[in-house]
Amino acid sequence: MADNLYDSSIIEKQLKEKIENALSIHSYPTAIFFSDKLLNLVTIHSKEYVKILYILCDALYLDRQFQRSSYLIQKYLNAIEEIDKKGEDYQYIDDIHSHHHNQQQNIFYKRIKKEKEDEQYTNTILKLKYLAAKCKIETNEFDQCLQILNKDNDSSENMDDENNNINNNNNKIKKENEINNDNCDDDDDDDDDDDDDDDDEKDSNQLLKFYTNSKSNKSKDISENNSNNENTTKESINKNNTDSSSIDNKNNNKNNNNNNNNNNNNNNNNNNNNNNNNNNNNNNNNNNNNNNFNKETLIIRSSISCLKGKCYESMDNLKKAKFWYIKALLTDYNCFEAFESLTKNHLLTYQEEISLLEKLKFSSDDSWIKEIYSLSLKKYDSPKFTFNYKYLELYDSLNHQNSNNNTFGANNNNNNNNNNNNNNNNNNNNNSNNDISTEDLISVKTLSSSSSSPSKKQENNNLITINEIRKKLIECNDIQTWISEYYFYRHQFQESYSITKRILKQDKYYSNQICLMVNISSMFELQLTNELYFTCHQLVDSFTSSLNNGSHGGSHGGGGGGSHGGSSGNGGAISWYGVACYYHLIQNSDQTQRFFTKSTTLDSRMGASWLGFGHFFASKGEHDQAMAAYRTSSRLLTGCHLPLLCIGMELIRVHNLNLASQYILQAKDICPYDPMIFNELGIIEYKNSQYNEAIKLFETALEICKIKSKASSSSSSSSNYHNLNLSNISFSGVGSSGIGNNNNNNNNRRTTTTTTTTSNNQKKNSSNNKTMIAYLESWEPTIYNLAHCYRKLRKFELALHYYTMSLSLLPNNPSTYSALGFTHHLQGNFDEAIDYYHQSLSIRDDTFTNVLLHKALSLSILQYD
């Protein structure tokens, strides 16, 4: 019997459907099976072959067969390189094509050369390189990953051109003429040469400025090309028109009575114009397709740059990692992975983060993305950058609305809300032109064909305000996490803990590093030992279970398990970091050191663990080990000021004041908005007996605290959040009122309210007062230090005032009672001094206070005698 005949196109179509169905249900072995068969049916080195190869390797990647996936891709890429090298004289070595003739080889090479000129083909090749590099990252082969990515000749040439342009743009400035053309080169020798590492160290603002200029120049070139194309088409149309008019004139000169011929000519001219317009429309469609391919190319190149940054970061080359992350973002600002790596790992300073965000050219429809990006920046209160306050204000207002709903009855709330909504709708209808601008409206409608024009009612339904977008997005876990981080930076630990606790309760497998770290640190600050123990126990269990699953999955597919353990290493590091915090909280030193060591061993690039390790050594008085941990943290967190500040504080403790001031000033350059920096500088001046300078620094720290408190209290005035009248708190010294009086004098801490205030407002005011007072309590040591300075200058009245203020913020502090007694002692008020000494000793026995008490008693007896 004769063999049955099959249609190859039908078989290919059926196989594609089987592959799509298998991928849709995540049956990766099935997809691998059919894509392997389809790959052998398709003509080798064709566009279709490359697409199927990518589908096969992508399925292998998803099935955790990383080595096989990267091997197949590299094998194909090496074959393409051989074709490029040998050209038309290339003789294919493959056994399948060994019988081909030279003429067939030439045809084969020409077809390959033609296909390489296709942009879609080149994009698929880039995607293959990206996938192969991803496989190498999963197997922790970072050098080979860079070798695969650096084979892209276009990118290396672009890097050389960019470096040359950097030097050309900086010829006017002498300091910038020393920049070499080999900055951020992709050669393998760069990792071994210190000179090349020094070449990578340059100002990030200069980098951002260059890339924005280069992108604008490229856009200008594109616009010029488009305008030239339009001009050429217009000229061709005009030429046709002029030619037709000349023909008409000749016909009119020959036969003036032949009007029909003229009409026919005009019709022909109109037809020609219509044909030209159709050609222009086709050209526009082609341009749109090219723009889509250009966007895809930008996305792929941005992902490749981000992958290079991850490789360099894993190799502890943070300078190059920062370079490639920035380049990825400037290529495509939608590459959140690069943005998250820069912000989460503190590779940029706060000023660099702001400048980077301003350089990213967000479209008008993506302005809401810029707000979310700004929320993930460092949580410093810069007076020059308030773009991230929108979500914070909304969160505060929603909290107060929830408190209102919990206080009043549900029926009353529904009626009030309905009335308010009706009133708001009427007001919005009356004042729509004033309240909502065109910039606040974002269209979320999908693109439709030009023939089907939507009605005005549909367009209005598709337009929403930016506030409505915020209200919907504020429930996202990552936005809630960034808000909790903001409260943690402001020492409002209860609020940050409640937010992260709610997130982890709703999504117990939410593995965001920032959320887990804020949750653990908040429990540590609040001294919630039971909650911290339970949370860390859950984290360790989830880490061990994921590690066991990873080792099981690694046996299938060859060498995948080790990479999964590496990815889980970060989660394990956070788990053991939490365990170390728990033992540090219950003062078990041996277990604390053991689990901090375990955390830093699992993830040696986790700067927070090294910072906590340094705090532990500092609390035990082990100066050298604390300094080593702080220096490691400073090397990892290059854009964070806290490690430098901690180094300075540790040097103050060992009385190395000159070196301490240098480190703290470096921290000030990174973050000039942290009051702790000015507090530590004030301590240095105090120890140097420069009391007036110390007073200025302490007052600067307290002024920053007051500005922060005002910013948060006035951030949502509609929700009555500013219940504390912080302007009554005088940090300058003279004529102060408020916290410095008695604990029961709450009137000085609040704004004047009307007599018709409801009980709900009183409860809300008291809760907000507690929040603001809790924030001010964290800066009680600064007020205490300020009182010391005034006592040293023998300004006893001001010293007593600030000691009293310190005592109101932190009651029952024996040191403050002793300081108050000693100040009265110096004034000769021995009876008051004796009372304060007794109050101090009733809380804590202290040798120095006992000595002062005996002296005060003897002096008071002599005074009465």
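Cβ coordinates come from backbone N, Cα and C, glycine included.
The compositional bias 'Acidic residues' feature in Swiss-Prot is assigned to 183-202.
Among the features that Swiss-Prot reports, compositional bias 'Low complexity' is placed at 249-292 (among others).
Sequence annotations record features per position, and here Swiss-Prot assigns compositional bias 'Low complexity' to 403-434 (among others).
Annotation comment: Swiss-Prot describes 153-293 (among others) as region 'Disordered'.
What Swiss-Prot lists as region 'Disordered' is 403-436 (among others).
For 738-767 (among others), the entry in Swiss-Prot reads region 'Disordered'.
Annotation source Swiss-Prot lists repeat 'TPR 1' at 11-42. Averaged over the repeat 'TPR 1' (11-42), the predicted model reaches a pLDDT of 93.
Positions annotated as repeat 'TPR 2' by Swiss-Prot: 46-75.
Counted with DSSP, the repeat 'TPR 4' (300-331) comes out as 29 helix, 0 strand, 3 coil. Residues annotated as repeat 'TPR 4' in Swiss-Prot: 300-331.
Helix, strand and coil counts from DSSP across the repeat 'TPR 5' (336-359) read 19 helix, 0 strand, 5 coil. Look at Swiss-Prot and you will find 336-359 tagged as repeat 'TPR 5'.
Among the features that Swiss-Prot reports, repeat 'TPR 6' is placed at 366-438.
Marked as repeat 'TPR 7' by Swiss-Prot: 478-506.
Residues or ranges marked as repeat 'TPR 8' by Swiss-Prot: 515-542.
The repeat 'TPR 9' annotation in Swiss-Prot covers 573-602. Long-range contacts of the repeat 'TPR 9' (573-602) within the same chain, counting only residues at least 6 positions beyond its ends with a Cβ under 8 Å from a Cβ of the stretch, are 513, 516-517, 520-521, 523-524, 527, 529, 532-533, 535-536, 539-540, 542-543, 608-610, 612-613, 616, 619-620.
Residues or ranges marked as repeat 'TPR 10' in Swiss-Prot: 607-635.
Long-range contacts of the repeat 'TPR 11' (642-670) within the same chain, counting only residues at least 6 positions beyond its ends with a Cβ under 8 Å from a Cβ of the stretch, are 349-350, 607, 611, 614-615, 618, 623, 626-627, 630-631, 633-634, 676-677, 680-681, 683-684, 687-688. What Swiss-Prot records for 642-670 is repeat 'TPR 11'.
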Open item on the list: Please count the residues of the repeat 'TPR 11' (642-670) that DSSP assigns to helix (H, G, I), strand (E, B) and coil.
Closed with: 26 helix, 0 strand, 3 coil
